[in-house]
Amino acid sequence: MIDLVGDGLLTLRKGRIRFGKHPMPPLGAVAAVGVLVAVLAAAAVPGLLTRTDPVAVAPSDRLRAPSVSHVFGTDQLGRDVFARIVHGTGASLSAALIAVAIAVIGGSLIGVATGYLGGWTDQVGMRLVDVLLAVPGLLLSMTVVAATGGGTVELGVAVGIAGVAGAARVVRSRTLQLRASPFVEAALVSGWRKPTVVARHVLPHLWPTAAAVASVEFGQAVLAVAALGFLGFGPPPPAPEWGAMVADGRAFLAASWWLTVVPAVVITLVVLAAYRLSRIVDGGRRA
């Protein structure tokens, strides 16, 4: 324990700050929430963060290093990198949220059905999950996007389908634990029907697990959407998208590092924040 102020007023112990006798949230949790709030704000109201047109070309300002006038510098066409990151947040997060909804809802339905009903339902459901897991997620996403197009919705659907299997396995594991719990067995002995038991005793206890899965899936979806954009499967130019920005900056990496490094750092921070949030909602374990 480190006394930051003296007299025990403000102390630091194992990553947690205490103000007197009152513990404050872990620093990692505060940072994670701050990052996610910032990107959500950028996606919802980008005009509050920047009024610069993200697609406006200014040849006289091309490849300018980060400065007061251009916080993250400019790209090879003179477009402001900060404005493109802010306005690209909407597309990246929209696709990621669509993917999370598909993965969590689809995975939860499969996981609850296979975990609680067992028998042939479990056999068929888990064989379907095994098939999905046998195909690399990025390859599956690329196949779906190639068949449906590269819009935001199509990206979200493709990444979401690839995430169903992982979510199903986690939810099934938790459902098996709940099915063997005393309160579920007591409800069945009392004559309750299985749908009623699931609705009143299983689903309410699955919310923490589903929330943790959603947080992890969100981080994975952001990374997958960026990877697809990097490979050219995202929104068409000149629309800003994080993965495409990383790809566009590769040719200028030696002299203009910010074109690649800045969007890559943003992607990394969002993914790490999502993973940290999953630990918070899944029992508040410390980093």
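Including glycine, each Cβ sits where the backbone N, Cα and C put it.
Feature annotations, reproduced from TrEMBL:
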type     : residues : note
TRANSMEM : 26-49    : transmembrane segment
DOMAIN   : 89-278   : domain 'ABC transmembrane type-1'
TRANSMEM : 93-116   : transmembrane segment
TRANSMEM : 153-171  : transmembrane segment
TRANSMEM : 210-231  : transmembrane segment
TRANSMEM : 251-275  : transmembrane segment
Response to the item:
Beyond a gap of at least 6 residues from its ends, the CB atoms lying under 8 Å from the transmembrane segment (93-116) belong to 39-40, 43, 122, 125-126, 128-129, 152-153, 155-176, 179, 194, 198, 202-203, 206, 210, 213-214, 217-218, 221-222, 224-225
Item to complete: Check the transmembrane segment (26-49) against each of 153-171, 210-231, 251-275 and return whichever range has the most CB pairs under 8 Å.
Response: 251-275
